[in-house]
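Participant: This is the structure, below, for whatever I ask next.
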Amino acid sequence: LNVNLMLGQAQECLLEKSMLDNRKSFLVARISAQVVDYYKEACRALENPDTASLLGRIQKDWKKLVQMKIYYFAAVAHLHMGKQAEEQQKFGERVAYFQSALDKLNEAIKLAKGQPDTVQDALRFAMDVIGGKYNSAKKDNDFIYHEAVPALDTLQPVKGAPLVKPLPVNPTDPAVTGPDIFAKLVPMAAHEASSLYSEEKAKLLREMLAKIEDKNEVLDQFMDSMQLDPDTVDNLDAYNHIPPQLMEKCAALSVRPDTVKNLVQSMQVLSGVFTDVEASLKDIRDLLEEDELQEQKLQETLGQAGAGPGPSVTKAELGEVRREWAKYTEVHEKASFTNSELHRAMNLHVGNLRLLSGPLDQVRAALPTPALTPEDKAVLQNLKRILAKVQEMRDQRVSLEQQLRELIQKDDITASLVTTDHSEMKKLFEEQLKKYDQLKVYLEQNLAAQDNVLRALTEANVQYAAVRRVLSELDQKWNSTLQTLVASYEAYEDLMKKSQEGKDFYADLESKVAALLERAQSLCRAQEAARQQLLDRELKKKAPPPRPTAPKPLLSRREEGEAAEAGDQPEELRSLPPDMMAGPRLPDPFLGTAAPLHFSPGPFPGSTGPATHYLSGPLPPGTYSGPTQLMQPRAAVPMAPGPVLYPAPVYTSELGLVPRSSPQHGIVSSPYAGVGPPQPIVGLPSAPPPQFSGPELAMDVRPATTTVDSVQAPISSHMALRPGPAPAPPQPCFPVPQPVPQSVPQPQPLPTPYTYSIGTKQHLTGPLPQHHFPPGIPTSFPAPRIGPQPPPQLQPQPQPQPQPQPPPQPQPQPQPQPQPQPQPQPQRPVFGPQPTQQPLPFQHPHLFPSQAPGILTPPPPYPFTPQPGVLGQPPPTRHTQLYPGPPPDTLPPHSGALPFPSPGPPHPHPTLAYGPAPSPRPLGPQATPVSIRGPPPANQPAPSPHLVPSPAPSPGPGPVPSRPPTAEPPPCLRRGAAAADLLSSSPESQHGGTQPPGGGQPLLQPTKVDAAERPTAQALRLIEQDPYEHPERLQKLQQELESFRGQLGDAGALDAVWRELQEAQEHDARGRSIAIARCYSLKNRHQDVMPYDSNRVVLRSGKDDYINASCVEGLSPYCPPLVATQRPLPGTAADFWLMVHEQKVSVIVMLVSEAEMEKQKVARYFPIERGQPMVHGALSVALSSVRTTDTHVERVLSLQFRDQSLKRSLVHLHFPTWPELGLPDSPGNLLRFIQEVHAHYLHQRPLHTPIVVHCSSGVGRTGAFALLYAAVQEVEAGSRIPELPQLVRRMRQQRKHMLQEKLHLKFCHEALVRHVEQVLQRHGVPPPGKPVASMSVSQKSHLPQDSQDLVLGGDVPISSIQATIAKLSIRPLGGLDSPAASLPSLVEPPGLPPASLPEPTPAPPSSPPPPSSPLPEPPQPEEEPSVPEAPSLGPPSSSLELLASLTPEAFSLDSSLRGKQRMSKQNFLQAHNGQGLRAAQPTDDPLSLLDPLWTLNKT
């Protein structure tokens, strides 16, 4: 009864809910029918006699009520069934259901008499509804539908839908019956005894765990020190298989079997077109030269009175043809360099491509394999076995410890304790603890075995050391070979593309050159006819005088030489273009030293985009345009027998052509330069002889035509030469005729000056620049600068003239503002303005051929002015001998200076010591013999006569004395060898590489190993000296500050720069992926600030490897790498500390304001109280100390990894005054904070670990901090003030949105201006725009403290002093690899007084070796007594410098040793080329006299 009543009431609730929710009528009817069923069951229970007797009187009332509910809910069910019939348009059924519902409701109303009013109201409401529905349905059916009304029992009965179910009840459930009152019937004494037994078990466990932990700690430390990974100890199997990446390349080539064939065919076609173009250009040149020669002969025949033949139109057309020819020649020369490099690259890669497309067995054979003896393999196996034992011991120990813990945990003897007497408890404990004895024995045996295992491991590791070294070297070779093969595969497509571009380019050029050749032929024929006509007319007038003949002495020999060289070529070189086979373009030191080939933008039209580095090669020559009469000595110059060496040619124009922005070589050589074997004269002639047949070219600066304009900025390789051992230049083996002068005539006036055309044909008239020196005086020239050289400005020297009045001279050009030159600079000339302080003097005047004065060159990075007064006085006359001294220091890869090898055997010659430019006054007749380099090979521009000082006539009485030099003939070398070397260089011969010496050729031995040549990655550059000690630097900084101030001064410029940066960011971001960061959206604070996949920080030991942090590198050589990250979220603090631990970070910079900390916008991820460490995952962070300054809070934290006893300290620097939406209070605070950060960074070792920087999102304030940090370091290092937008773009290429606000950029600009002003004030220079007047004491008090105050005055923190000292550091010369970095320590300010340098005191060096020595001698050390030494820097000028000199980075025994490289571990581990007992002895080293091997590794 109760169950059914309750179920019916529950079903009623569901019925009411369904009706309120307007469920379907059929569903409501079924629910209502189920209510009827439940109440019918209850009614049956009420009719049960037992129940009736139990209830008594109320049984009738209950039954009546239940029956009323049955009828009522049946009426509801039939009402909704009627609605259902209405929806189905069964109108007869609708009337039947409504009739039934009305009947049942009437029954319910009868049974409801005596019920409360609420029930009566409900029934009345139901009657209204059902009655209304019934009447409406009946009328509709009667009058409209006329459907038959079926009987109710013929309709489908309504089945109930039970939606409720009864839940069973457990009578003993504690929730029903309450807690069990009999649960605690164990006696209290038994509980106490059980507790005592538990303590005994815990004591036993603690004792064993302590022993295990001690042994584990010893084992971990031992294994960490061994650095032996069992997985990688024996990975010899990896070398027996071809790596997957190489297999992919082999598979790709196997489906293209014609790869190499197509490449070779394409290059052969290109060579053919190249040869055709060169032949056509040569034909045009020969036509023009022949025409000019005939013209000269005609004028000599007819005299000056005879007018030139032919109409002026023909001459103008010929001039136009000549210009077109010069233009096409220049384009051809520029393209020929790319063509040569393309062939070199093809020859380099074609072997690798053949290998990759061949059988896999050959590929596998080409990879290095381990060469291990059986003994080595036995050592390996032994080590592996012992390492396996160590691992087995560990596993067993862990297993036994786990068993012990589980056994103790499960041991419960309460049942025994209840039945045991209290006096017997101890005895019971002892018996029960005996069950652990077996496990204790096993554990102690395991611990005891550790010492034996470690002893055996130590012995095995000692034997493994040699094998380990062999395997590591093998791994390096394996990776290197792999990279070379993959690079060759990747270069193939680019080679084919460039080859096709070259063919298209040369096809276009060929058509134009062919048209020009036809035009030149027709014009020359017309000219010849006109000349013949004029000659015939003149011959009729008078008898013709005998025509002078001008033989062409060496032209045929040159052609024979070319043919002979071509026959000498090896088979693989015969497809090279002719200019590569025509003999060496430069002396062999040039081979393999040019800049690496970058194809784009090259001379081929349409070539864009960067391309692969290819093998660097020699500088190609200018097209041969020398005269037919080769360097004939003038009568004014005395001749004497004995060969003379010519200087190696420099590929710069002698005609005043302005070089392009980055010319590789293609400037047309002077038509007046001698070509071929030299004439045996004492000195070069003072001016070109008149017999030259070269045309008087007036070259324009690159006429703008379609063909030339397609040659966009050519490859930047002009004079970018890398020093290194290289073979000596080949010398010709044929004898040279020795003409003997008939007489020594008096000095003659200089010939008529040639006219040069520079730029827009402003003719500079006057004699060729010559330099005259008194007789017998060793001529002093400035030493070649070591390091990047500023190119010479137009500063011609005044020339002596025989006439009383001076002729017009070229005016000095105004010096352009210094601009940074990405291209390597041309080399410095021997004459012209020179800085007065020479850091490294040499006695190699013949090794440094000069440029001609008057050649426009790109503006230098640092301007300088000549110092005519310094060292202008000639030293005492002394005839000293010249010997090849030690070669110059190795140069940085981008240096413009050219070290040449010493030529052959030493020759005694008069000294040409380098010094400042000499006084140009001629003091009388003179003939100073000059030692110059051997003959340039054919088809190569030879040096102009004024490349090396030559004896020149000057007015004065008496004959010109001559002193013939005793020169040894150079050793004969096969000239073809140089051409064969074109492809002999290796991938190391790119920038910074070394070239192995050739057999039997002298070895260049650098006195320093350039850091760029080392394979290791460069660390942070230190600033070891104050770069602003020189006034020139401060003056340059002032000028830069003036222009920098206005860059972002107004809002318009700032908006424009910001717009460009935003557009560049969108462009750069399209090519970079952030797919990994998107997978970890919960770890990103902002969904638009995520790291790029390419440079994100990868966690190595976390649950996953992701953290929102990016590596930001390459902002400045002096700025450490940074990790920009967001502030840690509550769930990523463990990742943050794990990154700090894995990256070995020592400095964390936090740029979050105090307000953000107080509002708890930033989760505290570091402890703030001592003794309260925070645990993040496996790492524990504790606070060691806190120091609060005016600008920041400095916390020293200790980081400890779980289960390790070693702790690591790091510094947490918090800058609290930078609000989230704003700027710091002043730039000064941030600048001081940056100095503090850098000082802390310099304290760590090593210096290549990053600094972690974070703000809120890791891009806004973090970006501004990184930008200003890098810019400040650039200024402190003495580099130019950096371009902030470029730095911003570089940062954003590594992390999007770095420097989020435009205001941040403006703030950084203002802060950098402020910092530069402080640097200037620190050195006593007022910033630009401020008065220079002496400041009063009150004014001085407002300036920043000077260096003395920083050390001695005030309460300056020690970190500030250390930061200042750190700013005085600089990497030594050998470590520099960029011009900008090395210039600060090399360029001398122009304003030094003349007394700052000692006068040169030439002294004779030691006597020479016998001149007949057939082999090259090693360079002689200490042969530089006649060269002025650079003045020492003197003692430190202030306490700050004294303190700076005592830092570990800058300490040395003598202040003059500053700038020398510190000794490090690498100095003892790396071999040094060219060092040994022959190295120069440092005279300023007080310990150098103790042991001759003292300086073996000293750099």
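Along the chain as shown, the residues are counted starting at 1.
A Cβ is built for glycine as well, from the same backbone N, Cα and C atoms used for every other residue.
Below are the features listed in Swiss-Prot for this protein:
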- C1255: active site, phosphocysteine intermediate (ACT_SITE)
- 1427-1450: compositional bias 'Low complexity' (COMPBIAS)
- 1482-1499: compositional bias 'Low complexity' (COMPBIAS)
- 1-219: domain 'BRO1' (DOMAIN)
- 1055-1315: domain 'Tyrosine-protein phosphatase' (DOMAIN)
- 536-583: region 'Disordered' (REGION)
- 718-1006: region 'Disordered' (REGION)
- 788-827: region '20 X 2 AA approximate tandem repeats of P-Q' (REGION)
- 1322-1351: region 'Disordered' (REGION)
- 1381-1499: region 'Disordered' (REGION)
- 75-108: repeat 'TPR 1' (REPEAT)
- 199-232: repeat 'TPR 2' (REPEAT)
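Could you give the neighbours, burial and distances for every feature on this list?
Facilitator: Within 10 Å of the C-beta of C1255 (active site, phosphocysteine intermediate) there are 27 other C-beta atoms, taking all protein chains into account.
Averaged across the domain 'Tyrosine-protein phosphatase' (1055-1315), pLDDT for the predicted model comes to 92.
Using a Cβ-Cβ cut-off under 8 Å and counting only residues 6 or more beyond its ends in the same chain, the repeat 'TPR 1' (75-108) has close neighbours at 15, 24-26, 28-30, 32-33, 36, 68-69, 123, 126-127, 129-131, 133-134, 137-138, 140-141, 145, 147-152, 155, 158.
Long-range neighbours of the repeat 'TPR 2' (199-232) within the same chain, counting only residues 6 or more positions beyond its ends whose Cβ lies under 8 Å from a Cβ of the stretch, are 383-384, 387-388, 390-391, 394, 397, 401, 404-405, 408, 411, 429, 433, 436, 440, 443-444, 447, 450, 454, 457, 461, 1204-1205.
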Participant: Where DSSP helix means H, G or I and strand means E or B, what are the helix, strand and coil counts for the repeat 'TPR 1' (75-108)?
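Facilitator: Reading the DSSP string over the repeat 'TPR 1' (75-108) gives 31 helix, 0 strand, 3 coil.
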Participant: For C1255 (active site, phosphocysteine intermediate), which of the three DSSP-derived states applies: helix, strand, or coil?
Facilitator: coil
Participant: Going by DSSP, how much of the repeat 'TPR 2' (199-232) is helix, how much is strand and how much is coil, in residues?
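Facilitator: For that range the per-state counts are 31 helix, 0 strand, 3 coil.
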